[in-house]
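**Student:** Pulled the feature table from TrEMBL, pasting it below:
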REGION    488-510  region 'Disordered'
TRANSMEM  21-40  transmembrane segment
TRANSMEM  52-74  transmembrane segment
TRANSMEM  81-99  transmembrane segment
TRANSMEM  105-126  transmembrane segment
TRANSMEM  138-159  transmembrane segment
TRANSMEM  214-235  transmembrane segment
TRANSMEM  298-318  transmembrane segment
TRANSMEM  340-358  transmembrane segment
TRANSMEM  370-389  transmembrane segment
TRANSMEM  395-417  transmembrane segment
TRANSMEM  429-451  transmembrane segment
TRANSMEM  457-480  transmembrane segment
Amino acid sequence: MWWDERVSARFRRNLQPTLTYWSVFFSFGLCIAFLGPTLLDLRCQTQSSLSQITWVFFSQQFCLLLGSCLGGVFKRTLAQSLLALFASSLAISLVFAIIPLCHNVVLLAVVMAVAGLAMGCIDTISNMQLVKIYQKDSAIFLQALHFFVGFGALLSPLIADPFLSDTNCILANGTANASSNLPHIRKSLVPHHPGNLSHYDLPMKGMVVTRVSYAFWIMALINLPVPIAVFFLLYKERMVPCFNGSSHPLLSADELALETRPGDKDELSTAGQRPHTAAGHEDLFSCCQSKNFRGASYTYFAVHVTGALVLFMTDGIVGEYSGFVYSYAVEEPLSVVHKVAGYLPSLFWGFITLGRLISIPVSYRMKPATMVFINVVGVLITFLLLLIFSSSVVFLFVGTASLGLFLSSTFPSMLAYTEDILQYKGCATTVLVTGAGIGEMVLQLLVGSIIHDRGSYSFLVCGMIFGCLAFTFYALLVFFHRMYPKPSPELDEASPDKAAVPEDTGQYQR
């Protein structure tokens, strides 16, 4: 195998929880990408205007950010984390099933808000739990985790595509021009910036003819095994109240005997009673409490802030590029045919998914800090070349693929790097997930406004600026890493917290 026996053995010991967290992130990806291509059919279903229906994007993204902040609240015990994941993954299946029944745009926005909360909880908890299980070996498993979100994001538009309307799905008089513009409108739908589409006039009254409901019901069925997998993990961990007496723990008999040796029993019991703050990974609100700041050096805060700012920029680039590359391509000077330009967002997400797949073996051989450096430098160089060859359609496609590859592994590599700096005792996971979510939402709004005022070329200029800022913040993070105090080996061996945060046993922690 391309990884060593120690990591392989650790993976085998934690096989079921690891596969469960990966599957839950597939739910996240499935839910994050379907809204764009199906939004016009949902407009017909709710008989709303384009500007009204595009606010559903904001409803989902804002609650995703809120869910990311609240997700850490449910990590205090394994039972709370798994119950939150079960409720969130089940909520996503229910959302898919309920969407075809939403014939009012406000109701649809509320349903998508619930989906956003569920996605935010999944994002925070799954990252936290994998970091807790694997710690210094977590980079490779985080890369795999984020591959599954890319896979889900690729799959949901493919499921929806056969059921999308080729012509306007509200039949009324005088809809010929609107119908001919439909493919362009569909590709121009930009999250969080409804004003871009205000000049399109589509009928709001008439007979609704859309088959998109079938796509949502198919996605609900595809997602249904995920909450079942989480429930089975709850059952095996004796955390389902009705079945506590008959279930068996995940640890084998030998591991269980090792866990309860007389010499270790009291120590583990004490560690189990100790608050989880010893292991870090607090929710965002607990992280901000003044008691957590006592005795902390300024580099402790600097590592959190600079790490979050790197992801604020890189995840913001993912959001703004996928949202606006089509609009940039169809405008002058490129003037790409609408159908050809429609392949650009798919190419971008396809190479993000491919990059995450490639990063799984690469992350085992390469340090997270090195991977992040390659990512941010690659993004910077790609935007520079896109600016230089801004009149080349061919290079736009090459640059889009290159950008997807370099951005693909930034988040998991950054998370692994920052947690390693803080010895898995800070609030890095929660702060980084929240920073990335804010960046994705804010930069799309900012770039949408700038493009509207300054023209399409500003799209690449903004990307170049964000890339420079990401590199600058990464350089600051490396600087603060060098200044961050290293733990004393003697103190680390004697520390009573060592049992609470096992590093090499690889056993699934409750």
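Glycine is treated like the rest: Cβ placed from N, Cα and C.
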**Student:** Answer with yes or no whether the transmembrane segment (395-417) touches the transmembrane segment (138-159) by the criterion of at least three Cβ pairs under 8 A, sequence separation 6 or more.
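**Tutor:** With 3 or more qualifying Cβ pairs, these stretches touch.
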**Student:** Assess whether the transmembrane segment (370-389) lies in contact with the transmembrane segment (340-358), where contact requires at least three Cβ pairs under 8 Å among residues 6 or more apart in sequence.
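**Tutor:** Output no: the transmembrane segment (370-389) is apart from the transmembrane segment (340-358).
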**Student:** I need to check the long-range neighbours of the transmembrane segment (21-40): which residues 6 or more away from its ends have a CB within less than 8 Å of a CB in the stretch?
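**Tutor:** Result: 53-54, 56-57, 60, 85, 88-89, 92, 95-96, 112, 115, 118-119, 122-123, 126, 129-130, 144-146, 148-157, 159-161, 164-165, 169, 182, 185-186, 189, 191, 212, 215-216, 219, 222-223, 225-226, 229-230, 349.
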**Student:** Within the same chain, where does the transmembrane segment (395-417) have neighbours whose Cβ lies under 8 angstroms from its own Cβ atoms, ignoring anything closer than 6 residues to its ends? I mean 6 or more beyond.
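**Tutor:** Those are 127, 131, 138-139, 142-143, 145-146, 150, 307, 310-311, 314-315, 317-318, 321, 325, 329, 334, 336, 343-344, 347-356, 358-359, 362-363, 367-369, 371-372, 374-376, 378-379, 382-383, 385-386, 389, 428-429, 432, 436, in sequence order.
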**Student:** Can you tell me which parts of the same chain pack against the transmembrane segment (105-126), counting only residues 6+ beyond its ends and a CB-CB cutoff under 8 A?
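**Tutor:** Answer is 21, 24-25, 27-28, 31-32, 35, 42, 46, 48, 52-53, 55-56, 59-72, 74-75, 81, 84-85, 87-89, 91-92, 95, 98-99, 145, 429-430, 433, 437.
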**Student:** Taking a Cβ cut-off under 8 Å, which residues six or more beyond the ends of the transmembrane segment (457-480) line up next to it in the same chain?
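**Tutor:** Same-chain residues near the transmembrane segment (457-480) but 6 or more away: 299, 302-303, 306-307, 309-310, 313-314, 316-317, 320-321, 324-325, 327-328, 369, 372-373, 376-377, 379-380, 382-384, 386-387, 390, 418, 443, 446-447, 450-451.
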**Student:** Mind pulling out the one from 52-74, 214-235, 298-318 with the most Cβ pairs under 8 angstroms to the transmembrane segment (81-99)?
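**Tutor:** Maximum Cβ contact count belongs to 214-235.
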**Student:** Can you work out which residues elsewhere in the same chain, 6+ from the ends of the transmembrane segment (214-235), have a Cβ less than 8 Å from its Cβ atoms?
**Tutor:** 16-17, 19-20, 23-24, 26-27, 30, 34, 38, 79, 82-83, 85-86, 89-90, 92-94, 96-97, 99-100, 155-156, 159-160, 162-164, 243, 247, 250
